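> Questions regarding the structure given below will be posed in turn.
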Amino acid sequence: SSYAVSRKIEPFYKGGRVQVNRDGKFMFCPCGSKLNIIDVETGALHSLQQDDEEDISSFVLSPDDEILVTGSRALLLKQWNWRENKCVRTWKAVHIAPVASMAFDSTSTLLATGGCDSTIKIWDMIKQYCTHNLKGSSGVVHLVEFHPDISRLQLFSSSIDYKIRIWDLNSSKCVAMLDGHFSAVTSLAFADGNTLISSGRDKICMVWDLKTRESKRTVPVYESVEAAILLPEKGDFSQLGVKKQGLHFVTAGSKGVLKVWEVATAACVYTQSVPFESKEEASERSLTQCMLVPARNEIVTVSVEHNIVLYDAQTLQLRKQLAGYNDEVLDVKFLGPGDSHIVVATNSPQLKVFELATSHCQILYGHTETILALDVFRKGLMFVSCAKDKSIRVWRMTKDGRVICVAQGLGHAHGVGAVSCSRLKESFIVTSSQDCTIKIWNIPESLTSKAKAALISSPENLRAKVTERGHDKDINSVAVSPNDRLIATGSQDRLAKLWSCSDCSLLGVFTGHKRGIWCVQFSPVDQILATSSADGTLKLWGLRDFSCLKTFEGHDASVLKIIFVSRGTQLLSSGSDGLLKLWTIKTNECVKTLDGHEDKIWGLHSNKQDDMVVTASSDSCITLWKDVTEIEEKEAQAKQEEQIMKEQELSNLLHEKRYLKALGLAISLDRPHTVLMVVKAILKETDGRKHLEENIVRLRKDQKEAVLAFLVTWNTNSRNCHEAQAVIETLLKHEAPDSLLQYSGIKSAVESLLPYTERHFQRLSRLLQASMFIDFMFQNMRLADAAQQEDM
């Protein structure tokens, strides 16, 4: 009856510099106006959220991991205690444009900020003031670094004029300019006190001697370099082509490949192998950043597509990969024998496979255009993807969790928009395309037997067994029946059709939807087909006579996906308004509406155990939902039992005349009527007024507040106004006006009490007058009576 969000995979990085803390456990990623802190092991994240909602333009973490400073478009600098998500202080950056770069010195006491206003400011973090204002750069200062030897008090910076400036902090003057690059300088690395390596977008790295301030050597890298990092002197890097002593460095840039260079010979001694063709010019694969994490012996790279990869520093073996941003998610399915992974089609030619336990993400290359749909075979090891490049690909997960492409098929004339796998065995695939055709592809034995599948080096080519023109417009959805004998298709032409699997002959047509059909699904238990449409309805159809059995109305927008859950007795549907609805088929009612996304939900899939659902949406979020029906039922039952126990206890207390305890319990149960009964019971006693006063005075302040709220309601009824007035009297008598004013809700209570109390008073006055009149009448009657007797 209910699902709750168990986990969200959201975009956590949208560009900018990433930083890793000293022990390599946490990674800091800017994401718009937030700064996300990710636990590298588990992928769990928490965010530092700014109040002003301005984007973060740069941030830096001090070398001792203690101080985190962010700079935003609002021209403010903020210092954070990042472990507790607290902003410790905020001060004006004094720059007249946003801060573009920041750096701490090695002692974590000085902070340099390079601004878009071509000035550099230096801040003393302990005494909290600005110590230097360095002018003279031209344009945006996008790089600042302190010399690692703090006794020299030198700062290095670079800006739009491609020169590297050296500032002496004793005199606040620029003492030298290293001129050699012909494009932006992207990184600086200090080898020892007197050697500096700089990388640039002019496809070279330069080695500088800081004594003579001359260039020692130029290393042509043949690609635009975004980062150069030095390999440590200690450690065995022989697998990366390091044969001799001497300086070696790693470059990352537009080709998307890490390379190792030897300074002495300016030669490339190692090039990383990657699963895609590397291009000379910048593309999605390009790397924007590269860092060394000595504590964990790792190299971290960041790509233009916001993928963050952690490699073993000595072998460049991939250890972990995190996807920072998914763009629109078009489809998602559970994967793996125990549904341990999910495979995601984002708005790109690459597939992403997430391991749910660790957030590790594999990226699968193969398609050349956006992937549109996915389907997984029953065992969860093989799956199929189809894309705009008119092709389908079959993928298989190996025992160690790696995914490889084992087959591909070409044949459609347009993009392939929907795909469905055979249900019983891994025997065939059905696809449908914008060319209005459906194709059935047989899967050769060689792919399904595990022994042979392990030996596949290049993907096999598949041929379509049958092709059939199915509809007059785009086919949006295709499904295979649980017994592998039938195929259903749903199209933009408002029709769903049923086909025989063996020869693709048409068996029948389902007509009734007023708009295009987005999704078709067979019931796992009955001979029923479910369809969902852009007209906002879901329909169930009988497969024998093609009649509409039920219609579910409730979505205000197109219904994009449907699945059967709870063993075929319920339907879960997702709409283009970001809502999920759970329907019970028997009663035709919507049991629950879940609001989990901001935009169209394109992906919806449940796991084999039927207790988890994954949804994916255009808002680039992937949400995992857990079936919490049992948990909620248990909680409700426990609550009910507790209620009954307390009520029993209450009646016992009243019976034993232990009024103070009874009052306390009735208040905790939030039962105004019961509290009233207790008050009435107290007032019935001899000396009731006195007892009531004693009991009310002994209540705690929060209990008195509750009683005050209750008596406002009692006071509205003339039957209960006497008890209410008795309690009010006690409160006014024993509480000072100041302390009464501290009560929560006192203002509204007084406002509600006044008019009714006045009314009760008027009523009592009338009653008094009336009683006087009765007395007067009675006296007169007595007088008349006496006179009559005298006359007689």
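Any Cβ shown, glycine's included, is placed from N, Cα and C.
In case it helps, TrEMBL gives these features for our protein:
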- 92-125: repeat 'WD' (REPEAT)
- 134-177: repeat 'WD' (REPEAT)
- 178-218: repeat 'WD' (REPEAT)
- 364-397: repeat 'WD' (REPEAT)
- 409-451: repeat 'WD' (REPEAT)
- 468-500: repeat 'WD' (REPEAT)
- 510-551: repeat 'WD' (REPEAT)
- 552-593: repeat 'WD' (REPEAT)
- 594-626: repeat 'WD' (REPEAT)
- 647-781: domain 'U3 small nucleolar RNA-associated protein 13 C-terminal' (DOMAIN)
> For the domain 'U3 small nucleolar RNA-associated protein 13 C-terminal' (647-781), what's the model's average pLDDT?
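The predicted confidence over the domain 'U3 small nucleolar RNA-associated protein 13 C-terminal' (647-781), as a mean pLDDT, is 81.
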> Against the repeat 'WD' (134-177), which of these stretches has the most C-beta pairs under 8 Å: 92-125, 364-397, 468-500, 552-593?
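That would be 92-125.
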> Please give the sequence-distant neighbours of the repeat 'WD' (468-500): residues at least 6 beyond its ends with Cβ less than 8 Å from one of its Cβ atoms.
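Result: 417-425, 427-428, 430-434, 436-440, 506-511, 513-522, 524, 529, 531, 533, 541, 543, 546.
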> Which one, 92-125, 409-451, 552-593, has the most C-beta pairs under 8 Å toward the repeat 'WD' (364-397)?
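When the Cβ pairs under 8 Å are tallied, 409-451 comes out ahead.
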> Short question: which residues 6 or more past the ends of the repeat 'WD' (92-125) have a Cβ under 8 Å from it?
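Contacts of the repeat 'WD' (92-125) (Cβ under 8 Å, skipping residues fewer than 6 from its ends): 57-64, 66-67, 69, 71-73, 75-77, 79, 131-135, 137-146, 148, 150, 155, 157, 159, 167, 169.
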> Per DSSP, what is the residue count of the repeat 'WD' (409-451) in each of helix, strand and coil?
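Once the DSSP states are binned, the repeat 'WD' (409-451) shows 6 helix, 20 strand, 17 coil.
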> Go ahead and report the DSSP secondary structure tallies for the repeat 'WD' (552-593): helix first, then strand, then coil.
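DSSP composition of the repeat 'WD' (552-593): 0 helix, 26 strand, 16 coil.
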